[in-house]
Structure formats: C-alpha cells, structure tokens
Amino acid sequence: MNIKIVSIFPDVLGTYGDQGNARVLEYLARSTGATTELVSVGINDVVPVDGDLYLLGGGEDGPQALAARRLQAGAPLQRVVERGRPILAICAGYQILGRSFVAEGKTLPGLNILPADSVPATRRMVGEVLSEPLIGIGQALMTGFENHGSMTVLDDGVEPLARIRRGSGNGRDGYDGVIVGSVIGSYMHGPILARNPGLACHLLSCAGLGEVQPSRRHRQLHHERARAQIESLWRTVRA
Amino acid sequence: MSLARRVQLARRVAQLSAAGVRCAPRFQGQTLPGRLALAIDPDFLMHRRDEGLAVRSILVTGTNGKTTTTALVKELLGPNALSNRGSNLPWGVATVLAEGTSRSRDAVFEVDEAYVPSVARSLTPAVLVWLNMSRDQLDRSLEVRRLAARIAESATDIDTLVANAGDPLIVAHASEFRRCLWVKGPEEWRNDALSCPRCTSELLYETTWRCVNCGLHEPEADYQVDAMGQLSAHGEAIALLHPGLPGSFNLLNASLAVVAVAAATGGAVEQLARHATVTRGVEGRFTTWWLTGVETTPSLTTYLAKNPAGWHANLAMLNDADAELVLGLNAKVADGRDTSWIWDVAFESLGIGPVIATGERATDLALRLEVAGFDVTVEASQRAAIRLAASRGRNRIVYLGNYTAFRSLIGDLPALGAIAALGSEVAL
C-alpha cells in the first residue's frame, strides 16, 4: 500500500510548525509497512489532485491571501473533496476553506468548501487548548495550541470537531473546528497530529490504511499534555 | 520636583538599588535598577543627553544573534564602552545608563525588536544594526512582518542603518532610513520570507533575491563576507575575520559589528576587522567547559538557540561533531509557550544517531526526534541528562537548548564542577 500525502504550500502556510502533521503521518504510515510519498507543493507549483490525504497549515495574513488566490485557480481542492479524500486544515488553512476570511483588514473570498465565515475577533486568541472530540478517534480529550486573531462562525447545523474545555477554538460557539464529510478544520497547532495520535490514525484510516497504532512515545506525549491541561484547569477552578 | 532633581533622584535610586542587588541573582541586578529609574522618571533614557553625559550609541536588534553581536561591538569599542548583557528591554538599558560613569562615551545596547522605536527615540543612536528577522515566540510577539514594520518606525531617529542585505523583511522596511550600509553573509535562513513582504508575490532566490512582481530586490552589498571569513568591500577583499565563534552566521554578525563601529566612530573597516574577536564565548554561548565533578572529566560545549532559524544554524554546525548530543527544550513565557516550531527544524538532515532529550518539554522533543529517525532517550532533568551523556563513552558532550533551558543548565554547571576550558579559541 502506498499513501500519497500532499502538503499544500508549506512555504507560505508553514509559520506555526504544522508541517509536523505531514511528518507524523508519514512516520505512522510507514510503521504499518505502507510506503509513503510526501509531496510538498510550493506556492508556484501545481496542486496534484490524485493524493490520498491533504494538509494545510497556518500562516500570516499576507501569505494566507496569496495561498487562497492560488487555490482558487483551477479549484484543485474542490476536486479532492469530490473524490472524498481527507483534508486536514489548520488555522489560516481552515479559514481559507470557508466562504470568506479577513486578511490585513480586507474580507476575501475563501474556497467555499466549508459553510463558514471567519471574521476578526476583538482580541487575539493565544494559548493551550483542551477539548473533547465529537468524533470517535479513540481519545476522550484533545490538546493543542491556538494562536489566531479571527474567529470562525459555522452555519447552523454544521458539525464542529470538538467541544472546548479550555481555550477559544472557533471563538464564539464553544467549539473548535469543523468536520464536513472528509474535511476536518481546526485551530489547534502543536502540531495537532503530534499531540493527538488518535486523530492521526483516524485520518490514515480515512485515506485507506485500515487500523493504525501510534507509537508508545506518541501516546505518551498525548497523555502528558492532556494531564498538564487537566491539572492546570483544576488549579484555575480552585483559585 | 524640578526635572533636574527628578533625573538625579532616578539615577541615585538606581545606583543604590544596583549596589543592593549585587548579591542577588545576576539577571535581576540587570533590570531592577533600571525599572526603578524609569518608574521615577519615565524619560530617564532621554535625559542623559541633557546632563552632558550623552553617549554615542549603537543599537543591535533582530531575531537571532543580538547578544553575540553586541559582545563583538563592545570588544571593538573598548573597555570603557557601556553595554547591556542580554537584558534587552528599556529597563535593561536604563540600568546600564544609571551605572555608567562620565568616562563612558560609547555604548552598545541590544534591544528587543518591539522596543526599538522607543529606545531609539530616547537615545538617537548613531547606528542601528539590524541582523535578521525570523519567527520567534509567536505566542507573545507580533508576527514577524508586523514586527519588522515596528522596527522601521525608528528610522528618523537613527543616523545609519547597518543591516543584512540577504533578509527581504529588513530590506522591505529600510526605505525610510537616512543612510543604509548593506552587508551580505554566507547563507541565510529563508523559510520565513518566501513571499514578498511588500506585495506577497513570490520571491526568487538566485545569487541575489528579488520579487517577480513588485521589483523589491536585494540591495547591492557594501560589504560581503564569505564562508571562510573573507570580508570584501564592493567586491574587493579587505580583511579576514576571526570572530572566535563557530558558525557562518557569526561571520555575518562580526561583519555587521565591524561596519557598525566604523560607521559610528569613523574608524577604518580593515583595521577594526582584525579586532572583532570574542575569546571566551558570550554568556555561556559557544563555550566549552571541563566537567571536573564528573568521573571521566568530559568536555561540554553549550549552545543557545531559541527558534527554528537558530536551531537550524547551530545544528548545521554541530553535524560533524564527534560528541554526545543533548537537546534541551522548555516552554516558559520567555521561551514562547508553543513548541510547535520544533517540527520545522530539519533534524532529518542531521546524521542520525543517539540523542538525549531533556528539559520540561523533553517528550515533545523526543517524539519529534523519533519521527526524524533518531534513537532518543528522555531524561527530564538536565543535570542528569549531562551525566547520562558523560557515561556513554565519548566524553565529549554538545548541548543545545532554548532560552530558559540553557540558562538553567548554566545554573547547574557548578554542581557538575564545570570550569571554562582555557586555551581553545573555537569549540568545534
């Protein structure tokens, strides 16, 4: 089995370490005996539409606007969605997939893959996130680190990824991210798949790899970060 | 209270408190007097001019290399020059100015990127050295592009900008400065500047860089240094640099220091270049120690790097070292709370071998290294990690840590019987 992982524009959507998601997926897939091909698509390159799994990361306003413009030409991600392949989009990448987002003060059109709009919040949302996933990924809790100035408003009835216990996530609704068909959006860096082995395995299963087991150290990191967040939450409650 | 009285009071209180905290931990000694002086007189930095104690100052800013470059400039300015050591916020500068004697006519201060405009407004420096801009501690600083724009607000208060021609983020914001001297170094971290900082189109890197759309381009370098340390002016070789510090990035730092001092003092670049040497490392950076408290008396070389660009540059240099590698990661406020950036460090390009991960976030680092193919051992206690490395037979240890991890290791050194190695100029 060969898995083709496509990382979209890590050269401009790579400010927050989200390329780590691709590295984690490759590592996990190989541990099952599968072969992997990681395609890092540069901002001037053509986006291949025959990948098994797609990743978008966070970036600053200017680069985010550039990435959105490039992805509008030829609509490659819409074709990926039609093929039902999983897409994981983080932060600026998540905002781009919506109907609209705001960069450098201007409202710009998104790719219209997610029924959501991202709008500036009154304050920047920065810090650790503790959440409960609303999909079965073999984890009761997820952790990550968010750092964003916009919040995302989902249309009524659209399913978020996780319920926030600590942090801001989408910013207003008490949830983080979104799940629409094979597309998952989230505000969590960390990177999210390093912190949450269950989600990494879930994505690989969606890409056709069957059962995947994370390494002991991968589970350890999830446990350590989740425990630290729970303890910190309890300290806040007591104080 | 009259203004003059207030300035004097601020200075006296700062001097007395400086005497008081001398027995306290060193770092507090560098900030508390300045905090008090600025609390009494918010314009304390500005008033030195009025007292006839004006200094001719050089400011050093940028993401990486501030402390090292400041140390190089201080070497060139001589023993009477005033200088801060790592404490780069306004109160760190105020502490130094409060303690400065009237003999001190020259000063060099490293300044945190966000505070450059306010410090420049107060000191009207002769030179601003702008080293580089890459991302660092995104959870508490502005994103790097906005930070560059903030630094550029200081343009009208500065005579000469001495800056890195290879950094598009600097060049895009340099048009307001009265006079620019451009220095080009051997190589650059460019992952943070792949889209044009002016128009967001793509940047093309050949021997120089340019934007394909708006025409922003690399300025012609007034000075250039190659990987061997050869410094040239407009293509003509003029001096060979020996900064006494490893790494090609330190050759660029040394070149910027030399050009800055020449611009501020009117000295000759050729002459100054011969003296741009730091012999014993800088605050423990690039320093080799002998561990007399460990049975095998191993050597330990300590490196500090705080962000992907810094780790990248330091690891490239350590790649061939025949030594046990210990990597330390913390995530305190001073480090940045988000450790995601370790996934942008190209560990995959290093020779794969055994490595010890340590510090408060050792597990994050360990997973990153495991994914990169390393054989990783986790030892959360840094002191124990060094002892473990010493037990592994090679007896040469290289440690690289981020800010608070590094500082806490330096604090642990007495317990390991560490003595700074003598007689070796360059560690690796």
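Yeah, the Cβs are placed from backbone N, Cα and C, and that goes for glycine too.
These numbers come from a predicted model, not from an experiment.
Residues annotated as domain 'CobB/CobQ-like glutamine amidotransferase' in TrEMBL: A:4-196.
Summarising the environment of A:Cys91 (active site, nucleophile), the number of other Cβ atoms within 10 Å of its Cβ, over all protein chains shown, is 27. According to DSSP, A:Cys91 (active site, nucleophile) is assigned to coil rather than to any helix or strand. According to TrEMBL, the feature active site, nucleophile maps to A:Cys91.
The substrate binding site annotation in TrEMBL covers A:Arg124. Under the DSSP three-state reduction, A:Arg124 (substrate binding site) is assigned to strand. Non-local neighbourhood of A:Arg124 (substrate binding site): A:Asn147, A:His148, A:Gly149, each in the same chain, at least six residues away, with C-beta under 8 Å from its C-beta.
The active site feature in TrEMBL is assigned to A:His189. In the three-state DSSP scheme, A:His189 (active site) falls into the strand class. For A:His189 (active site), the count of additional Cβ atoms within 10 Å of its Cβ stands at 31 [all protein chains shown].
Proximity to chain B (CB-CB distance below 8 Å) holds for A:His189 among the recorded positions A:Cys91, A:Arg124, A:His189. Distance between Cα atoms for A:Cys91 (active site, nucleophile) and A:His189 (active site): 8 Å, as a whole number. Confidence for the domain 'CobB/CobQ-like glutamine amidotransferase' (A:4-196), expressed as mean pLDDT, is 95.
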